[in-house]
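Notes follow once the structure below has been shown.
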Amino acid sequence: MSTYKVPTMAEMAGKGESPEVLFWVGCAGSFDDRYKAVTQAFVKILNKVGVSFAVLGPEEACTGDPARRAGNEFLFQMQAVANIQVMNGYNIKKVVTACPHCFNTIKNEYPALGGKYEVIHHSQFLQQLINEGKVALQGGGEFKGKKITFHDSCYLGRANNVYEAPRDVIKALDVELVEMKRCKTKGLCCGAGGAQMFKEPEPGKKDINIERTEEALATGASTIAVGCPFCLTMMTDGVKNKEKEAEVKVYDLAEMIAKDMGI
Amino acid sequence: MSFLPQLIFLIILGAASFFLIKRVKFLRRNIFLGKSETRNDQPDKRWKTMLLVAFGQQKMFKRFIPAFLHFFVYVGFLVINLEVLEFVLDGVLGTHRLFAPFLGGVYTAAMNLFEFLAFTVLLSCVIFLIRRNVVKVPRFTKPEMKGWPALDGNLILVIEIVLMLAILTMNATDQILAVRGAEHYLVVGNLFFSGILHPVFTGMSTESLIFVERASWWFHIVGILAFAIYVTYSKHLHIFLAFPNTWYSNLKPKGEMENMPAVTNEVNMMLGIPTDAPADPPAEIGRFGAKDINDLSWINVMNAYSCTECGRCTSECPANLTGKKLSPRKIMMDVRDRAEEVGKSLDAGGKGLEDGKSLLGDYITKEELNACTSCNACVEACPVNIDPLAIILDMRRYVAMEESGTPQQWNAMFQNMETSFAPWKFSPQDRFNWAEQVKEEEIK
């Protein structure tokens, strides 16, 4: 019996190897207690399927997205240029990440600073693995036949027009996918984008995540699926606020696939 | 035959053209108060976007009822303008229904089509008035719509209703006169919608009918010319600017923020990376981010002039929906108001941009800017591809880099990123700790 492997780029380079794809973990995936479980679920899937991957480990730094959205272009570019130097140093060609903010920044904003990679979101990566038959779904897991709703992350959806990949992943689990009233191009933000994750909201009559959670709960779904660490936090907090955490769970797509695979 | 009406018509036409040209120059200069920006890549895609979004009304149809009603007004505007050509020629040449003898049955059909459209425009405008003033659709009653914007919206609808009534009245009296054999009047055949009005006028004397018919004709054509000038003061400018505005749409992914090369040069210098920046930096480095309209791109300012204040952006903004001060529509209205203010000041020999005021502070507050989640709902919702988010983010850049005025919690996040390379205060050495547990787990 062997254990899961999480090779770093440095280790691989030391052996003169290079992986097919860099898994960009992101800050939430590295430090947020809840999202670490998503990172772990995703590397388990990668191990199980036999994908040649590596992470940057301690060499990774924040992409700079929240600094840029909060207006601090200097700080953003300092982060970006340093990351690009590391990635170009390893001659990285393809990046997969479970964070739509990292996805958007590396895919769309790093090229102007000299970082040109093929970047995909983990929902797209999972969709490909499922389509290629590499992920053997059992379909009889805890989600079978359950009502599941998907909350579109703004940085995946409107920002980059990825709407179908996460839905295809969910459908592959043999579940009933139910849509919220505001979905896809009309999806309502969880409230955390644009660096809102890092400050209290402005004065208002309601928090955005509560508005969105109410909509998700109205579908009657027992699981709210997300594909973004900030959305995961906001929706989880919303469900707790509504005291529904016993009946309704918030999961990332990778966790759902890993659960179904029994890993 | 007296040439007096022709002379009066020519004077009115000339005066209207003079004012219109003056107004267009004013608007053009205001738009170009914004910074220069070249955005003419992918022309094929740009023409296609314009055809679909502006000409084809594609994004309007996300909300069917207003789209349907708006479509009638839009088609009415496009098609009835063909009739205005005949009006102008009749006015200049002193003729009456110049095209009728040449077109015969086609003319009758065209008139019936125009009347049908005039009727649907009229009906739609009445429904729009009800939506604004009786039903009070929420997006029309937001705080930024108080005063002139509300009056402007109602005035446009009333003017359009009155202009359409003038066409129908003119055709009704014209045909009654033609049937009576009055001089100059031609029978053009059965006109359905103005025919409905016949009972109102049949009891009138020929002289009275001629008066009503002429008055309607003059009212309609002078009304259209006056309306054309009014439009340049109004949110209704979208009827023209929607076309260039969609041509100059942002074709990049919506999530992408424009890079700031000036910052890249400095960052590269700090990190000792060779740059292709000129050895002598420009003597005057512009401001970072946007404080006033001249810091924005001219496309941002054109966006503001293209905005018809429909409020679809604001009605889908998560911040606005939950009671925050931010309204993307207000951002666009503020940009336009500031551009107008500066333009008027410049024309009066005033201080223009140096009047001690600015877009930030006097029009848009930090509270509004800080409430944005950059979710792009406003950008997606806009039927003419206006981008309020670009303006918000550019203004945040000014606040952060020129004023160091970001909220305290964001400053803390900046500090964490500088010291720990993450927005939270964690040790960078711990970044890879998540893997320890999973590395010990056996593969099932």
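Each Cβ is built from the backbone N, Cα and C atoms, and glycine gets one as well.
As recorded in TrEMBL:
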type     : residues  : note
DOMAIN   : B:298-329 : domain '4Fe-4S ferredoxin-type'
DOMAIN   : B:362-392 : domain '4Fe-4S ferredoxin-type'
TRANSMEM : B:6-21    : transmembrane segment
TRANSMEM : B:67-89   : transmembrane segment
TRANSMEM : B:109-130 : transmembrane segment
TRANSMEM : B:151-172 : transmembrane segment
TRANSMEM : B:184-203 : transmembrane segment
TRANSMEM : B:215-233 : transmembrane segment
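Counting residues 6+ beyond its ends, the domain '4Fe-4S ferredoxin-type' (B:362-392) has Cβ neighbours under 8 Å at 49, 53-54, 57, 59-60, 62, 238, 241-242, 245-246, 249-250, 254-255, 258, 290, 296-297, 300, 303-304, 306-308, 310, 312-319, 324-332, 334-335, 337-338, 399, 405-407 in the same chain.
Sequence-remote contacts of a segment are chain residues at least 6 beyond its ends whose Cβ falls under 8 Å from one of its Cβ atoms, and for the transmembrane segment (B:151-172) they are 73, 76, 80, 83, 111, 114-115, 118-119, 121-122, 125-126, 128-129, 132-133, 140, 145, 191, 193-195, 197-198, 200-201, 212-213, 216-217, 219-220, 223-224, 227, 230, 234-236, 309.
Along the domain '4Fe-4S ferredoxin-type' (B:298-329), the predicted structure has mean pLDDT 98.
Remote same-chain residues near the transmembrane segment (B:215-233) are listed as 9, 12-13, 16, 19-20, 23-24, 26-27, 84, 87-88, 91, 155, 159, 162-163, 166-167, 169-170, 173, 239-240 (criterion: CB distance under 8 Å, separation of at least six residues from the stretch ends).
Residues of the domain '4Fe-4S ferredoxin-type' (B:298-329) grouped by DSSP class, helix first, strand second and coil last, total 20 helix, 0 strand, 12 coil. Within its own chain, the transmembrane segment (B:67-89) has Cβ neighbours under 8 Å at 13, 57, 60-61, 95, 97-99, 110, 113-114, 117-118, 120-121, 123-125, 127-128, 160, 164, 167, 217, 220-221, 224, 239, counting only residues six or more beyond its boundaries.
Outside the transmembrane segment (B:184-203) by six or more residues, the chain places 96-97, 100-101, 105, 107-108, 111-112, 115-116, 118-119, 167-178, 209, 212 with a CB less than 8 A from a CB of the stretch. For the domain '4Fe-4S ferredoxin-type' (B:362-392), the number of residues in each DSSP class (helix H, G, I; strand E, B; coil) is 17 helix, 1 strand, 13 coil.
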